[in-house]
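Trainee: Mind having a look at this structure? Questions to follow.
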Amino acid sequence: MTRPSLRSAQPTTYSRILGIGGVRGENVVPNDDIVGPIDSSDEWIQQRTGIIERRRATEEQTIAAMTEEAARQALAAAGVEGSQLGAVIVATVTHLEQTPALATIIADRIGATPAAAYDISAACAGYCYGIAQADALVRAGAADYVLVVGAERMSDFIDPTDRTISFILGDGAGAAVVGPSDTPGIGPTVWGSDGGQADAIYQTHSWLTFRDGTDTSWPTLRQKGPTVFKWASFEMAKVAKEAIEAAGLRPEDIEVFIPHQANMRIIDQLAKQLGLPESVVIARDIAQTGNTSAASIPLATERLQREGAVEPGALALQIGFGAGLAYAAQVVALP
Ligand SMILES: CC(C)(COP(=O)(O)OP(=O)(O)OC[C@H]1O[C@@H](n2cnc3c(N)ncnc32)[C@H](O)[C@@H]1OP(=O)(O)O)[C@@H](O)C(=O)NCCC(=O)NCCS
């Protein structure tokens, strides 16, 4: 039998981020407002995490509302219409419905239907996972333009009496539009996971307990803080170095460092271990926004752009890491 030859998608050589958008929870929550139930203090939280205040969503700021607004901003910044999107990816661990994916709803709201649309669950690494996928989809010819949104309403999973993680968490959505480029704009992604440490950041109990009635209390998040701290500060420095090398660069070529906004001490430790020059602009959005998981890197990028701290085209190293444990890093040219 003679088979007809199969035609594959028409690849394109390069991709880049064309525009960024970001929305934070409108409630500003200073440390003093949350220290009571955890017997902590503003001073302790600032010293150990660098967080001064976190941003939490109002009732109207549903995860879909924040995602849509961030998406619209990124499209406007990129000069791309919703109808030009071939795929919409939402990275989130706080969309409260098992199905449908938040991405399909957002795609419809922004006029992207019938774009492919799906959510990815990679926690604080989610945005960098999304950028890795968008880069691959554009270059493979599977989509002309791809929207990536990191969106979290972490406050739906906090326990005000929990000392391990709830006090660091914030809400928001950060978005990027990725499209074709004449020059390389997204370096190779170095990514991975370590499910052997799945218990380092976790949900108190499974939804199954509702069905069997053993525990009908609302599940919230917990973490083994010191374990995560060491892993993030030391193992992630290696991953970040690999991403710089994979992009054919040296640490002194990096102009901007945008790590996941987990803890100011982790950010400082990573910068030190990477040997980044003094001139590097380091994102420190955590001080005012808190840890917004998948939203933290695009939100930190949005702030740097808004404050005029970075130039278009600047080479930025971004690295996301967290529950899974999962991680991803890449060097990107800022839009
Ligand atoms: C959570 C974190 C701030 C805790 O700080 P730490 O210095 O590691 O704290 P430890 O758990 O070692 O506890 C040290 C002391 O602080 C106390 N403590 C712990 N949490 C506290 C809190 N929220 N407020 C006040 N005191 C606290 C402990 O009781 C302990 O007291 P002791 O020395 O009298 O026994 C820190 O581990 C961290 O930031 N880890 C990384 C987490 C992260 O970024 N996660 C996001 C991943 S995406």
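Here the Cβ of each residue, glycine as well, is placed from N, Cα and C on the backbone.
Feature list, courtesy of TrEMBL:
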type	residues	note
DOMAIN	118-195	domain 'Beta-ketoacyl-[acyl-carrier-protein] synthase III N-terminal'
ACT_SITE	C124	active site
DOMAIN	245-332	domain 'Beta-ketoacyl-[acyl-carrier-protein] synthase III C-terminal'
ACT_SITE	H260	active site
REGION	261-265	region 'ACP-binding'
ACT_SITE	N291	active site
Trainee: Check C124 (active site) against DSSP and tell me helix, strand or coil, would you?
Mentor: helix
Trainee: Tell me the residue counts in helix, strand and coil for the domain 'Beta-ketoacyl-[acyl-carrier-protein] synthase III C-terminal' (245-332), as DSSP assigns them.
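Mentor: Split by secondary structure, the domain 'Beta-ketoacyl-[acyl-carrier-protein] synthase III C-terminal' (245-332) comes out as 34 helix, 22 strand, 32 coil.
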Trainee: Where does the mean pLDDT land for the region 'ACP-binding' (261-265)?
Mentor: 96
Trainee: Give me the CA-CA distance between N291 (active site) and H260 (active site), in Å, as a whole number.
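Mentor: For N291 (active site) versus H260 (active site), the Cα atoms are 8 Å apart.
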Trainee: Applying a 10 Å Cβ distance cut-off over all chains shown, what neighbour count does C124 (active site) have?
Mentor: 33
Trainee: Cα distance, H260 (active site) to C124 (active site), nearest Å?
Mentor: 7
Trainee: In the structure shown, which of the active-site residues H260, N291 has the fewest Cβ neighbours within 10 Å?
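Mentor: The active-site residues H260, N291 were compared, and N291 has the fewest Cβ atoms within 10 Å.
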Trainee: Treating G and I as helix alongside H, and B as strand alongside E, what does DSSP give for the domain 'Beta-ketoacyl-[acyl-carrier-protein] synthase III N-terminal' (118-195) in helix, strand and coil?
Mentor: 26 helix, 29 strand, 23 coil
